[in-house]
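S.K.: Before anything else, here's the structure in question.
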């Protein structure tokens, strides 16, 4: 890698250069993770039109912090040349587009490897780089990937399926790009040979929706959707109402079932053929007493405040938690102790508040060192970093191939 762009050195990925081209959430989320873990991350934007995420009032300050902003037309003339020159000093390149869009425009894996044989290339799209032509070139967002993967149909309630929000497929796919690119980089460091990764968002969600799908693939059984937030198969698991709000709980384990049955007045069922000794889960459908257990549990919970319920469930070693509202997060003692929510300065000097770096590395922690850069803010510095003169940069700008902030 060439000399770093100006930034502090920190985290487990200090010294790694990552470049990404993509808008909105999925692809940029991958880049964001690298940036928070110490990599030097360059965000490529269109010259004429900035990333559409910029229209949001607050989210971009989180999703684009720690980045370097390059505004460059990478598919045309001198802009393409500058992009390929940048690839020579890049460790990981992530692009999010419709199928093989880069290859269609002449930037194939082979072209990139001609300029950098060690380059890790991550292609992120809705339907993959190859397959049935009626799908590979289609646009895809969160809901599209959820719908096509079998993930969406499993969510919602018995009356209607519904997507899991916010933007689950985007974040899962972005994190898949991050982890797979790191796996590829590890191998490149051993072999010296680059890698290309084909990440289809629908396949990511297919994998994430795997749990109950296996019952269908191997037995033809379709799992029912939830009812009012309760786990479809197992009683005592899911969302429950108390006097003053909601909790979630998971009644799993021999001792846990025995003790909760005693508390709610069902001790006489323990040791029966339907609830034999050693029962670890109560099947909502197959157990004749599954619905009775749910009904008694609902009544027991509805007549108590959350604090009392959580205290008793903790005594019984039953996993549970209050469903926190967003305003409750900041003052929660666990959030405070771990600084899960933090503040940083935007490029305009304003204070922004949001989630802190995760996960927490003990010896090489991540950090927030910069707010979201303006459109084209670092174009000049990046082009100079890869060897361009002031005159060459001005020529790109005059031709509309690059944008700089004066």
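Including glycine, each Cβ sits where the backbone N, Cα and C put it.
Reproduced below are the annotations present in Swiss-Prot:
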- 170: active site, nucleophile (ACT_SITE)
- 98, 105: CoA binding site (BINDING)
S.K.: Quick one: give me the count of other CB atoms within 10 A of the CB of the residue listed as 'active site, nucleophile'.
M.R.: 25
S.K.: How many Å separate the Cα atoms of residue 98 (CoA binding site) and residue 170 (active site, nucleophile)?
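M.R.: Distance between the two Cα atoms comes out at 14 Å.
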S.K.: Show which residues of the chain containing residue 105 (CoA binding site), separated from it by at least 6 in sequence, have their CB under 8 Å from its CB.
M.R.: 75
S.K.: Let me check the 10 A CB neighbour count of residue 98 (CoA binding site). How many other CB atoms are there?
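M.R.: Excluding its own Cβ, the number within 10 Å is 14.
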